[in-house]
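Take a look at the structure below.
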Amino acid sequence: MSALLSADDLNDFISPGVACIKPLASSSTNTTTTNTTDSYNENGEVEIQIDSQGNPLEISKIDDKQFQTNKLTPAQISLADCLACSGCITSAEEVLVAQHSHQELIKALQSQKETNKVFVVSISHQSRASLAMAYNVSIENMDKCLIDLFIRQMGFTYIVGTSLGRKLSLINEAKEIINRKTKGSGTGGIDSDSSSGPILSSICPGWVLYAEKTHPYIIPKMSTVKSPQQITGCLLKNLTSNSLNIEKSKIYHLSIMPCFDKKLESARPEVYEEEEEEEEEKDKALVSVPDVDCVITAKELITLLEECPQYQLIPPTLPQEELIGGGCLSMTEIYKQYAPPNWPFIEISWSNDSGSASGGYAYNYLTIYRNDLILKGYDGNKFTINLINGRNPDIYEMRLMYNGENKEKLASAAVVNGFRNIQNLVRKLKPNTGKSTNTTTTTTKSKVNPLAARRRARIANNRGKPETKSTSEVNSQEMEIVADASKVDYVEIMACPNGCINGGGQISAPNTTTTSITLPQKEIEKQWINAVLEKYNSIPMFDLSSQSSSSSSPNEIIKFIEWSKKFENQFNISDNRLFKTHFNPVEKNIIMSVDDPATALLVGSKW
């Protein structure tokens with residue numbers, strides 16, 4: 001970890017800096033003029049004074065003569081402002097609460113009669129697992145309870161899982177990496193300089209904001225594929241608009257996510273769509289329509305239920321006949337009944353994917369690439385995926401090997417969780433460093449104590465990493481090699497330790513002060529995360545390309561690709577609009593010096 005940062009600094013739920021660098025637009029309202037003049041000299045002196053009631057006033061003067069007094073209003077900061085500001089590393093608490101919160105959702109529901117909005121909701125896999133763990137019910141029953149809450153009690157029209165958006169994201173992510181790997185050049189916005197290092201995932205908005213604001217040299221290496229949240233939002237709004245024959249601006253999309261930074265992701269300018277809207281005068285005006293209108297977390301949903309007793313997620317008793325479906329409908333029938341009529345692949349619309357609990361991007365890249373090679377004539381029975389552990393449980397590497405005993409590495413991917421590991425990776429990828437061949441060799445094949453390697457293998461096995469080998473099967477030569485994420489084809493990066501299953505918006509473990517449990521709080525939290533992971537893994541699986549069905553899996557992937565092309569043609573949406581995003585370095589607008597006491601006071605102790 002950098003000596004300039006402390007553990008407190010890495011919190012992804014922080015307040016805006018005292019010296020916010022976003023300029024404020026001045027308002028000419030609430031003005032009083034003591035000396036009138038035909039013209040206002042903007043070059044005059046301006047003072048800020050406090051009146052007798054404590055209100056701030058802006059007083060304009062020229063030659064000591066007072067011309068105009070403006071009553072100042074409180075500064076308003078939007079999510080878009082935060083994205084363009086370099087003052088905070090990730091998100092700002094007050095801004096998130098003000099614009100994406102359960103209170104805003106309640107206000108929107110209360111004003112439904114005036115706005116005529118149609119409400120739809122999408123729910124992430126990790127949030128479902130967190131809620132199921134908190135209420136000690138199965139994933140199936142939690143899904144029924146969520147459908148009951150949003151459809152019957154809160155008046156939502158449709159509810160969907162994020163599985164379709166995730167699978168399309170996984171496929172396009174793998175396509176981008178494979179294209180660069182096979183062609184040897186950048187694709188999808190990745191320039192030629194990125195060919196010397198791995199493609200870095202951009203699914204985690206906390207990591208993306210960190211890169212944009214502190215390490216802009218990393219941006220060319222980042223994947224430009226959108227996250228499941230944003231793809232789902234685009235699909236859901238267009239299909240709902242088509243199904244109900246209404247404008248997309250009349251649709252309010254709520255997304256339930258495991259992370260607070262997902263709120264900022266929904267405010268990125270490239271996820272808005274311009275739509276013509278008829279006004280009362282029959283004139284048409286362009287309005288910006290976001291793919292996601294509001295993002296709340298599982299933790300915030302619990303807060304909403306506590307503040308609004310008219311809503312109940314779990315009935316006092318849980319008889320099957322009182323749940324959605326009445327105990328006689330299958331889950332597929334239930335999902336179909338409450339999704340838009342034109343929602344595709346309904347049987348897998350709430351299903352899970354193999355790999356990490358953050359979506360399995362690294363693992364699915366390897367399996368999709370394996371299927372791509374099978375279609376080119378490779379023997380599917382000769383593939384294996386080997387696990388290489390890192391120096392801590394939050395970093396590991398997977399290698400796609402071929403040809404039995406004479407194994408050849410065809411592809412590799414790594415998973416990196418937590419800011420400590422992210423900082424180490426970013427440091428290795430910094431330009432003009434590590435050019436020495438000897439240094440590279442040493443880094444790639446760093447030796448470690450075999451006992452430590454066995455311990456990491458045991459931890460990985462217990463955590464259920466995909467296709468991991470048992471300790472006895474791990475080759476001794478492999479065990480002496482430490483995972484190096486800077487040398488792989490692709491890196492799945494998540495800001496939170498343990499990934500999205502431990503996102504900042506997930507429901508926390510019970511506190512030792514409020515329970516009779518005598519275990520240390522850290523141990524309780526560890527057990528809680530493992531239990532939530534078990535709930536997550538209990539979600540029915542639908543692999544895009546599992547090895548056991550490698551002959552048919554490519555056809556499944558083709559089905560998703562063909563459907564997405566039909567969707568783009570039907571709604572006149574480009575491939576870039578549906579699947580691609582872009583990133584820009586955030587320029588620092590103020591120059592700070594650690595030797596300047598005044599600057600240090602303005603910035604505060606956080607950064």
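Note that Cβ sites are derived from N, Cα and C of the backbone, with glycine treated the same way.
The [4Fe-4S] cluster 1 binding site annotation in Swiss-Prot covers Cys20, Cys82, Cys85, Cys88, and the record cites sequence analysis as its basis.
According to Swiss-Prot, the [4Fe-4S] cluster 2 binding site annotation covers Cys204, Cys259, Cys496, Cys500. In this view, Cys496 ([4Fe-4S] cluster 2 binding site) is surrounded by 25 other Cβ atoms within 10 Å of its Cβ, with every protein chain counted. According to DSSP, Cys496 ([4Fe-4S] cluster 2 binding site) is assigned to coil rather than to any helix or strand.
Residues or ranges marked as compositional bias 'Low complexity' by Swiss-Prot: 432-447.
The region 'Disordered' annotation in Swiss-Prot covers 430-476.
What surrounds the [4Fe-4S] cluster 2 site, by Cβ distance within 8 Å of the Cβ centroid and not counting Cys204, Cys259, Cys496, Cys500, is the set Gly206, Pro258, Asp261, Ser358, Met494, Ala495, Gly499, Asn502, Gly503, Gly504 from the same chain.
For Cys204 ([4Fe-4S] cluster 2 binding site), the count of additional Cβ atoms within 10 Å of its Cβ stands at 27 [all protein chains shown]. According to DSSP, Cys204 ([4Fe-4S] cluster 2 binding site) is assigned to coil rather than to any helix or strand. There are 29 other Cβ atoms within 10 Å of the Cβ belonging to Cys259 ([4Fe-4S] cluster 2 binding site).
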